[in-house]
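Worksheet: one structure, shown below.
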Amino acid sequence: MSTTGDSTVLNGSDTGSLAGTRAAKPLSPRRTRTADGHEYTILEEVLHALTHGVGAALGIAGLVFLVLKAMGGGATAVAAVTIYSAGLILAFLASTLYHSLSRTRAGHVLEMIDHAMIFVFIAGSYTPFALLTLPPSPGIWLLVGIWTIAIAGIGFKLVTYLTHSHEKLHWVSLGLYLAMGWTVLLVAQTLYELLPAGGFAWLLAGGLCYTVGAGVYAIKGVPFAHTVWHLFVLAGAACHFVTVYDYVLG
């Protein structure tokens with residue numbers, strides 16, 4: 001899952017030299033350089049794609065388990081966990097595709113989709129809690145509010161990419177992601193009262209994983225920092241899956 005700007009490929013020298021021409025200078029490793037200063041080698045991009053490819057596969061498996069368990073709770077429960085799982089799967093798939101094809105012509109479009117799906121991922125993560133845990137009044141308001149922000153965020157991403165201003169306004173998107181994630185504080189007291197202690201602990205642990213991971217991601221010039229960020233995202237998603245499966249569905 002990338003939260004970076006436009007990507008381009010760097011080559012240490014011209015790779016088109018043919019036999020018989022003068023020797024070219026040694027090539028530096030091929031890298032993807034992003035507008036906010038991050039650079040990724042091919043190995044790093046492979047790891048980025050692999051980690052979130054695993055996340056997508058686990059998300060699909062998790063969807064099956066969640067739906068089977070939710071069937072005993074009625075249509076609302078099934079819809080809630082389906083939306084939750086769909087957001088998770090789409091986000092991991094978008095990230096996997098982007099990092100797999102970041103050096104192709106499709107890379108720019110896939111990057112935009114990757115970033116847009118983060119909004120869907122966050123809003124989807126709220127859905128089971130809003131529909132199944134919280135009382136109707138705060139739950140519905142939270143659901144409407146968080147999905148409204150998600151839709152606005154997707155529109156913002158689209159406009160900034162079309163106007164080539166996404167690298168300058170990248171910090172706005174990052175702020176929106178974190179603000180959406182910690183909007184849970186508005187209903188934290190209610191969730192604390194309604195969820196078992198273990199469920200609230202897993203919920204909090206997931207939020208901390210995402211937040212700490214974002215801090216790791218922000219570090220520039222450290223090899224494999226983005227891979228570590230992906231691992232934190234996987235850990236956060238796993239924590240929230242446990243919360244939904246064991247405590248929200250009960």
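The backbone N, Cα and C atoms fix where each Cβ goes, and this holds for glycine too.
The annotation compositional bias 'Polar residues' is assigned in TrEMBL to 1-18.
Summarising the annotation, TrEMBL assigns region 'Disordered' to 1-33.
Positions annotated as transmembrane segment by TrEMBL: 46-68 (among others). Sequence-distant contacts of the transmembrane segment (46-68) (same chain, at least 6 residues past either end, Cβ-Cβ under 8 Å): 1-2, 40, 78, 81-82, 84-86, 88-89, 92-93, 95-96, 99-100, 224, 226-227, 230-231, 233-234, 237, 241, 244-245, 249.
Taken from TrEMBL, the feature transmembrane segment applies to 74-95 (among others).
As annotated by TrEMBL, Zn(2+) binding site applies to H99, H226, H230. Cβ-based neighbour count (10 Å, all protein chains) for H226 (Zn(2+) binding site) stands at 27.
Annotated transmembrane segment per TrEMBL: 116-134 (among others), in sequence order.
What TrEMBL lists as transmembrane segment is 140-159 (among others).
If you look up TrEMBL, you'll see 171-192 (among others) marked as transmembrane segment. Residues 3, 115, 118-119, 122-123, 126, 129, 133-135, 138, 142, 145-146, 149-150, 153, 156-157, 160, 200, 203, 207, 210-211, 214 of the same chain lie 6+ residues outside the transmembrane segment (171-192) yet bring a C-beta within less than 8 angstroms of a C-beta in it.
For 198-219 (among others), the entry in TrEMBL reads transmembrane segment. Listed by sequence, the residues of this chain that lie at least six past the ends of the transmembrane segment (198-219) yet keep a Cβ under 8 A from its Cβ atoms are 3, 129, 174, 177-178, 181-182, 184, 191-192, 225-226, 228-229, 231-233, 235-240, 242-243, 246-248.
According to TrEMBL, the feature transmembrane segment maps to 231-248 (among others).
Most Cβ pairs under 8 Å with the transmembrane segment (116-134) belong to 74-95, among the candidate stretches 74-95, 140-159, 231-248.
Long-range neighbours of the transmembrane segment (140-159) within the same chain, counting only residues 6 or more positions beyond its ends whose Cβ lies under 8 Å from a Cβ of the stretch, are 112, 115-116, 119-120, 122-123, 126-127, 129-131, 134, 166, 169, 172-173, 176, 179-180, 183, 186-187.
Its own atom aside, the Cβ of H99 (Zn(2+) binding site) has 30 Cβ atoms within 10 angstroms in the protein chains shown. All protein chains considered, the CB of H230 (Zn(2+) binding site) has 26 other CB atoms within 10 Å.
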